[in-house]
Amino acid sequence: MGPPHSGPGGVRVGALLLLGVLGLVSGLSLEPVYWNSANKRFQAEGGYVLYPQIGDRLDLLCPRARPPGPHSSPNYEFYKLYLVGGAQGRRCEAPPAPNLLLTCDRPDLDLRFTIKFQEYSPNLWGHEFRSHHDYYIIATSDGTREGLESLQGGVCLTRGMKVLLRVGQSPRGGAVPRKPVSEMPMERDRGAAHSLEPGKENLPGDPTSNATSRGAEGPLPPPSMPAVAGAAGGLALLLLGVAGAGGAMCWRRRRAKPSESRHPGPGSFGRGGSLGLGGGGGMGPREAEPGELGIALRGGGAADPPFCPHYEKVSGDYGHPVYIVQDGPPQSPPNIYYKV
């Protein structure tokens, strides 16, 4: 028997898993978007346009007003941020059942929502994006608490507060220039809004907002990339080993020898009702073993029809084979004397 191998199936599964892990490691964090009127990029010529690639992450942040931070506006602004398609974003309209990303309604907390650009999301409520498609993030309220529920116009029209996401594209049609990962803020969540005020706990309220810690001077430094890459590589090797072990077990089972159980053929049975089970060397008849039983399925003469025609035809179709024996006419046993 040759050495076990995982086979082509195990290699393909391992390669797909490795590619998935490498994709998670290779994604970059884009420059965060601070959502208030103090962000001058909303008034830039051509609008606020980003070119994310599949695997990247983007932070949306609502800066606090109390105490004021480096990105705070003079007065706190209340917004709901929606993810819409290209046509709706150009009209500054959200659908009746909008895809809500983040609600900015807590003046004393920094709130954050992280978007993961992925084609397939493992989360039921996760967002999915297609490469070479355009998406918009818009705010249709007017900045006041009373206008939060508006689904049309708002600051999207009056102040140009919308972000165009050109997924998988580039402004020059080539490779997209990216900043090093060390200059980007660390991603703290998987598609949930976060409070970034240090020393504060989660507060009840909107389900899109959860609290986490963040320094007043900016985002925390990212984790060590060699450590992340090493952990991802170890996970990939573990998954490859599991796939290889499974393939080896399947290969060994295929190579296993067939069962050595022996079933006698129909010719081993005698005529006249004798099943040929007698022992040799003068020994008496022995008991039949499982699989050696002959079953007579016909009558004694040619005129007698078979009393079990079905099993005569398909006797080998169910489990262990059943051997069909043509029974002869009944005979008196020889050498038997009767005492009178």
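Cβ coordinates come from backbone N, Cα and C, glycine included.
Feature annotation from Swiss-Prot assigns disulfide bond to Cys62-Cys104 (among others); the stated evidence is sequence analysis. Summarising the environment of Cys62 (disulfide bond), the number of other Cβ atoms within 10 Å of its Cβ, over all protein chains shown, is 29. DSSP gives Cys62 (disulfide bond) a strand state.
Within the same chain, residues at least six positions away from Cys92 (disulfide bond) with a Cβ under 8 Å of its Cβ are Ile138, Thr140, Gln152, Gly153, Gly154, Cys156, Leu157, Lys162. Mapped onto three states, the DSSP output places Cys92 (disulfide bond) in coil. Annotated disulfide bond per Swiss-Prot: Cys92-Cys156 (among others), in sequence order.
Here Swiss-Prot flags Asn210 as N-linked glycosylation site.
Under the heading omega-N-methylarginine, Swiss-Prot lists Arg271, citing similarity to another entry as support.
As annotated by Swiss-Prot, phosphoserine applies to Ser274.
Residues or ranges marked as region 'Disordered' in Swiss-Prot: 168-225 (among others).
Per Swiss-Prot, region 'Disordered' is recorded for 254-298 (among others).
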Cys156 (disulfide bond): tally of other CB atoms within 10 A of its CB: 27
Reduced DSSP assignment, Cys104 (disulfide bond): strand
